[in-house]
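Here is what TrEMBL records for this protein:
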type     : residues                       : note
DOMAIN   : 269-362                        : domain 'Transglutaminase-like'
ACT_SITE : Cys277                         : active site
ACT_SITE : His336                         : active site
ACT_SITE : Asp359                         : active site
BINDING  : Asn399, Asp401, Glu448, Glu453 : Ca(2+) binding site
Amino acid sequence: PNNHQNIQTLLSGIDLQCYENNHAHRTEEMDVERLVVRRGQPFSVVLQCTEQIPQHQDHQLNLILHLGKNNEVVLKVSDSEQDHGKWWFSQRNAQGEVMLTLHSPADALVGLYSMTVVLLSADGQILEQTKPQTFYLLFNPWCKDDSVYLPSEELLQEYILNENGILYQGSWDDITTVPWNFGQFEKDVVDICFEVLDNSPTALKNSEMDIANRGSPVYVSRTITAMVNANDDRGVVSGRWDGEYSDGVAPTRWTGSVPILRRWSEDGGQKVRYGQCWVFTGVACTVLRCLGIPTRCITNYSSAHDTDANISVDYLFNDQLESVSEGRKDSIWNYHCWVESWMKRDDLPEGYNGWQVLDPTPQERSDGVFCCGPCPVRAVKEGEVGLKYDTPFVFSEVNADLIVWIVHPDGERIQVSQNSKVIGRNISTKSVSGDFREDITANYKYPEGSMKEREVYKKAGRQVGQKNKVPGQLELFIKHAPAVHGTDFDVIIEVYNAGREDTDAQLTVTSNAITYNSIHRAECQRKTTSLTVPAHKAHKEVLRLQYDHYGACVSEHHMIRVTALLQPTDQDNIILQETNIPLKMPVLHIKIIGKAIVSRKLTAHISFNNPLPASLQGGVFTVEGAGLTEAKEIKTHGKIEPGQAVTVKFSFKPTRAGLRKLLVDFDSDRLRDVKGEATIIVRTKM
């Protein structure tokens, strides 16, 4: 009995060596108090003993791992490497301690594990066991056997480790940028990411099946894509585009993902109101980077939203050239954002590994839920629309034809033009080498007009439209002076006659306040002119856009669309030109006072001038930054008069060293989506 007594208290505990392990696994930014490791890479824990463990044959150490809320997976880990694809550990004895080095397979299930060390007798009886300890296991893009392996340190620095990014907005010929705070290593974000997975319909309905698939980045990324939007499930963000956001937060006000994820978690999985495509994209990028899947944010300009999957976007006008596209009409979004994640596709034929499109914005159902992807970028380029997931949808977003129809009073439709050059332009992502744009259109499409492009269209079942050249062809161009929000400016419509004879035509020009995804909020102006354009000459028409007209109806995306329709009198063809004008916004100026040192107070002075000829009310600044401060609001009091300067002060204590960004948004009744940023180098204590 005396002997038995000793054994009872042989194991006193486990030191998880969080600091050393997390540093080696590149997760120390996430946490140093808790163990967070990556699969396919060993990590070591120290078993503390009250005395030397007897070194004879009748005692054996084993590890037991549990995964899942209800211990769906239980793994017994022994100290021999039986076969390559299993967990095993090696041990080294020291003074009163044993170092256990755990080896996880490169395709291990990701999640929150609970680990117990057990001491077994010769006949396999449990003599003693330690209190369970937990650790997170993530995907490992540094490990060459992991299906998310990315063999470039420079790319990993950006696509896994960078907590700041840039989202591209505006229009294809006037690209604007919005800084975004991904914050994937902020406190508790990793817990929320797994909470998102645990709340998926599959996880709630069949947790065994869900957990069993947690080793697959294809499964995990598809699940996240469905869960970021709150259309079917206990998803994170609720989408809204109609301008009515008073019962939530206007989509333009967010500057990062962390406040959204925290709010969702704190409210017990209630959807957060409201998001639009870049918000869904930013949140998805945060979650995927946090889980260890290399991810980047993409913007496609002039993105087709093709609601009937015929690979064309149809615009319908009546005889008065008024739009009559009813219902869920096909539309061209000024831009649309999605993410790409890097992974092997063992579920597809060879050649489709690498970047995969994942689109978390709820647009179309896929397998019955609002979710899109992963779809190999290469499949889009090659027109392989049969490869999963959702390739036809993505293909049409970047390749659809724009077809313009006139609908006569008797309902007859006549096709008046077809254009294959306007959709899917300047596909953009942030460069890995800094805060500038990288154009990746060539990853999605062969050069316009090339033989390859025609082959791909044929393969994808898209009709290749013939340009209907008409003698005496008129050409239409739209130009505009710099358009600053709050000012009046001119738009010039030029009609050029390339033919040999003078031509009569009717020109209709409208300006509309629109959202980035082509919802018309209001028509600002309309002008119809009959004109005769002499051969080889140009006619110029000027439309003056006045703040008095557009100010009242401009959307939160401060975007004006000018549409020009030209109808030659003697022909049934129409030339359509559209230009989207993002109104230039003021910038917030941020000045940082003090030296940036971890845990020492810093003060930011944030200022801006009201550029509008109208006063603003309900002004509020939102400030956040990964490693600097969680999101905080600063309200302004009273009115901000035209031209008035406003300055607010904000103090905070940086929490982590390194290059950090402070992001600020200003929002008010008549002016929204005003952004500013400051880059700060934070040092550890002096």
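Even glycines carry a Cβ here, placed using N, Cα and C.
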In whole Å, note down how far the CA of Asp359 (active site) lies from the CA of Glu453 (Ca(2+) binding site). 24
Out of His336, Asp359, Asn399, Asp401, Glu448, which of the recorded positions has the smallest number of neighbouring Cβ atoms within 10 Å? Glu448
Cβ-Cβ neighbours of Cys277 (active site) (radius 10 Å): 27
By CA-CA distance, flag whichever of Cys277, His336, Asp359 among the active-site residues is nearest to Glu448 (Ca(2+) binding site). His336
What are the helix, strand and coil residue counts for the domain 'Transglutaminase-like' (269-362) according to DSSP? 15 helix, 40 strand, 39 coil
Tell me, which recorded positions from Cys277, Asn399, Asp401 are within 10 Å of His336 (active site) if we use the C-alpha atoms? Cys277
Nearest to Asp359 (active site) by Cα distance: which of the recorded positions Cys277, Asn399, Asp401 is it? Cys277
What's the CA-CA gap between Cys277 (active site) and Asp401 (Ca(2+) binding site) in angstrom, rounded? 22
